[in-house]
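Taken from TrEMBL, the feature domain 'Isopropylmalate dehydrogenase-like' applies to 5-353. Here TrEMBL flags 77-90, 282-294 as NAD(+) binding site. The feature substrate binding site is assigned by TrEMBL to Arg97, Arg107, Arg135, Asp224. For Tyr142, Lys192, the entry in TrEMBL reads site 'Important for catalysis'. The feature Mg(2+) binding site is assigned by TrEMBL to Asp224, Asp248, Asp252.
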Amino acid sequence: MTKKTIAVLPGDGIGPEVTRAATQVMENIARLHDHEFVFKEGLIGGSAIDEKGGPLPLETKEISAASDGILLGAVGGPKWDRLPGANRPEKGLLEIRKSLDLYANLRPVKAYSALIESSPLKEEIVADVDFLIVRELTGGLYFGEPKKREDADGETRAVDTLIYKTSEIKRIAERAFQAARLRKGKVVSVDKANVLESSRLWRETVDDIRVDYPDVELEHMLVDNAAMQLIAQPAAFDVIVTENTFGDILSDEASMLTGSLGLLPSASMGSTDVGLYEPVHGSAPDIAGENRANPLAAISSAAMMLKYGFEMEKEAKQIETAIETVLADGYRTADIALKTEETVTTAEMTEAVIKALE
Ligand code: NAD
Ligand code: IPM
Ligand code: MN
């Protein structure tokens, strides 16, 4: 029996609905394997602003830092959209990533064979899609200083700063090369080196690190071309490594290769053992509270926690297989259903996954 303490940060919008689905699946994994998972809930984002006055209360930081793994839903929503940047729900998420030094965000993109028709792209384009986006998560435009507004010459100016240091690029490049060794041995590094100085440093540094990984194939690609190649020939990618903002945008684009943003999980890892696991999607205010959200991204994120955080390969695989089974059996939340298909609710999809674990 293994005991693990898991910080659960549901957040806002559909966050609570999909994290509940993920913890229910984990409870069943614990029961089937005689593990003990202790869930400790914490406030983050808009709900934390409403209850505690800030997006990342101290208790949440403490629960998270003391846990074996963090499961997060999503933060943000229209209610808090007019707050200044430093007080927004999203700031809580950025702060927890930064404070735990979770610099490597792994976002696997794999087409489920049962869902090939759910993608708006042609079957032959998406059928063999299986790649990993390695997104740098604690640098770049998101965190660079100065970040400010100022009044000058009779108008207002807003400043964001895009900074990368070699040490930040080195460590994420190493993660990407290591991941490629366990996959098909091919890294595409995405940048904008024809325009941005930070991208030129990115490219040089990735080339330097590459020397230690002569067995891995490396290609540099400009981000605008990468956005196009992701649609033109997505099955050609194995590992994509890129900076924070590009990785954010490209992963939402990539989600449609699988059929829905509601399918993509992620793991954020750093220099400590505590990882943060969360769906790639946001709080989906348009469907929040309606029991319509696809819980599979959150459930897959829980599987990533078992695999990468707890070395529970077998248990993680059991969840992945259960997801494939329910999709093959025709369970469809609204986001992945064809016009003619019947849909199930968040709770019904979760229940089906739990049944398929047995
Ligand atoms: P979003 O990802 O919340 O939603 C985009 C679209 O995808 C919506 O139509 C939504 O209904 C749909 N969608 C997303 N997840 C789904 C799911 N599981 N099942 C079915 N459909 C799903 O992006 P947005 O609308 O641009 O942002 C809404 C809020 O979420 C914003 O406040 C934003 O800052 C926040 N956000 C948070 C995170 C996070 O917490 N990691 C990520 C992205 C956006
Ligand atoms: C994501 C989200 C976040 C990001 C926001 C909510 C800060 O879009 O996790 O992809 O941009 O990293
Ligand atoms: Mn995003």
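Keep in mind that glycine also has a Cβ here, set from the backbone N, Cα and C atoms.
Positions of the features from TrEMBL, shown on the structure.
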{"residue": "Gly77", "record": "NAD(+) binding site", "Cβ contacts under 8 Å, 6 or more apart": "Asp12, Gly13, Gly46, Pro89, Ser283, Pro285, Ala288"}
{"residue": "Asp81", "record": "NAD(+) binding site", "Cβ contacts under 8 Å, 6 or more apart": "Arg88"}
{"residue": "Arg97", "record": "substrate binding site", "Cβ contacts under 8 Å, 6 or more apart": "Leu137, Thr138, Ser268, Leu276"}
{"residue": "Arg107", "record": "substrate binding site", "Cβ contacts under 8 Å, 6 or more apart": "Leu132, Ile133, Val134, Arg135, Gly247, Ser251, Ala254, Leu264, Pro265, Ser266, Val280"}
{"residue": "Lys192", "record": "site 'Important for catalysis'", "Cβ contacts under 8 Å, 6 or more apart": "Ser199, Leu222, Val223, Asp224, Phe246"}
{"residue": "Asp248", "record": "Mg(2+) binding site", "Cβ contacts under 8 Å, 6 or more apart": "Arg135"}
{"residue": "Asp252", "record": "Mg(2+) binding site", "Cβ contacts under 8 Å, 6 or more apart": "Leu261, Val280"}
{"residue": "Ala284", "record": "NAD(+) binding site", "Cβ contacts under 8 Å, 6 or more apart": "Gly13, Ile14, Ala74, Ala293"}
- Assigned conformation of Arg107 (substrate binding site) - DSSP reduced to three states: strand
- Sorry to bug you, but what's the C-alpha spacing from Arg292 (NAD(+) binding site) to Tyr142 (site 'Important for catalysis'), rounded to the closest Å? 31
- Select, from Asp81, Pro89, Asp248, each of the binding-site residues with a Cβ positioned under 6 A from at least one atom of ligand 3; if none does, say none. Asp248
- Item | Fewest-neighbour residue among recorded positions, criterion Cβ within 10 Å, set Gly85, Arg135, Tyr142, Ala288 | Gly85
- Query: In sequence order, what residues of the same chain, 6+ apart, have a Cβ less than 8 Å from the Cβ of Arg292 (NAD(+) binding site)?
  - Reply: Thr333, Ala334, Thr345, Thr346
- Message: Checking proximity to ligand 1 here: which recorded positions out of Gly77, Arg107, Arg135, Lys192, Ala284 have their Cβ closer than 6 Å to it?
- Response: Gly77, Ala284
- Message: Given the recorded positions Arg107, Arg135, Tyr142, Asp248, Asp252, return the subset with CB under 6 A from an atom of ligand 2, ordered by sequence, or none if empty.
- Response: Asp248
- Which residues, in sequence order, are found in the same chain with Cβ within 8 Å of the centroid defined by the Cβ atoms of Asp224, Asp248, Asp252 at the Mg(2+) site, excluding those residues themselves? Val223, Ala227, Thr245, Phe246, Gly247, Ile249, Leu250, Ser251, Glu253
- Can you tell me how spread out the substrate site is, meaning the largest CA to CA distance among Arg97, Arg107, Arg135, Asp224, in Å? 27
